């Protein structure tokens, strides 16, 4: 995690956390179009070389004389399994200790550039922004290793497409791109981060597809039905499977028949070996559908899986967000709690709260927990978790944060201290959310959790740290003209 604290008065940004730091294509960067003087050499030149972590990893591997990774997709570039591992887990050839070193250096370089850019916005000479040495003017904590580094994922999404042998009923992960027309679906049971149970369910789903007369849906307008598989597990070994199906022109009677066939396969057929706790079926005519757009239909088993975390029993619906690495999530949430610094007079505002675990884990130390989440099922889970665990000072709101937050903050500006925690999706925070946070004097501290520091998240960091800008309705006092930002970094890593 990366934690950024600005030396600003109490109502401005205090903390930023990020679990991964990667850069995207240059035109996704928020300042690319403006291209400020002196900045391209400082920042964009490195970004143009490709994924920032991959660049550092390659340099590190050369220095360690490690085995080189294939650089492009082709029939002679090692095995399909190796190439898939290079895409999904790009540092797999390194020991875990070496992986942490690579990630640490990646975060360090990211922060050097962000620090310099924010200084430039504050009026500091950009040519002096990055010191010749690699020292940071902020505090970079050592990475916190993950307690579990193999098979740690509690959720995996498997695609269906043509495999290396051309069979369109192959279940796995993609290599190649749709743009280049070279998509290949490769079985993923060799990947270090995928649990055996997930691979087992994927293998049996592939067995089912290959005996089904129904074709897979590879491209929507070309027909076909069977689509992706999602597998969720908990630490108790319970397994939920979700099968996505494109109905095309099938009648309700025909759809019912297919549901019964796949249900029979996993209850009494070969798929019974998976010992599923529950099986869901979702009809979907889009790439991704929420429960509200197309309900998840329970074919058999328990409607939820449950997890034990930070002394809480947590309910998880098929559509709800929950951190991928459960053991790592516990360390993440403990760190968030340390950084939040809440007390009995504090309101904890949990933005993009998912199943509400961060807020609920700190509820006993605060006066009130307010959660905002887009996914209705996740909010229902959060409310259930609060009730089951006897938490009475929490309140969860369903909807878009940019619509709910401004009014919610306005109603709470009565002198009571607010600590905000944001954990947005990869698209980052909506601009109106950033405005609401910047302009709320009651927010004394902000903890920002992000899975990767690039694209929209990078824009969020700059908007939250930059000097006041009335034209953009970004208020909040700022003294960065004299003081460079102070950045505290906490990182938790799996493979």
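Using N, Cα and C of the backbone, Cβ positions are placed for all residues, glycine too.
Over in TrEMBL, the protein carries these features:
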| type | residues | note |
| --- | --- | --- |
| ACT_SITE | 451 | active site, nucleophile |
| BINDING | 323, 373, 423 | S-adenosyl-L-methionine binding site |
| DOMAIN | 344-408 | domain 'Methyltransferase' |
### Query
Counting Cβ atoms within 10 Å across all protein chains shown, which of the binding-site residues 323, 373, 423 comes out on top?
373
### Message
Quick check on the domain 'Methyltransferase' (344-408): DSSP residue counts for helix, strand, coil, in that order please.
### Response
29 helix, 16 strand, 20 coil
### Task
Write down the Cα-Cα distance for residue 451 (active site, nucleophile) and residue 373 (S-adenosyl-L-methionine binding site), rounded and given in Å.
17
## Note on the structure
Rounding to whole Å, the Cα atoms of residue 451 (active site, nucleophile) and residue 423 (S-adenosyl-L-methionine binding site) are apart by 9
### Message
Give the mean pLDDT for the domain 'Methyltransferase' (344-408) on the 0 to 100 scale.
### Response
93
### Task
Using only the Cα atoms of 323, 373, 423, which the record gives as binding S-adenosyl-L-methionine, return the largest interatomic distance in Å, rounded to a whole number.
15
### Task
Have a look around residue 451 (active site, nucleophile) and count the other CB atoms within 10 A of its CB, chains all included.
16
### Task
Around the recorded S-adenosyl-L-methionine site, report the further residues of that chain (criterion: Cβ within 8 Å of the mean position of the Cβ atoms of 323, 373, 423; site residues excluded), sequence-ordered.
321, 322, 352, 353, 354, 355, 357, 358, 449
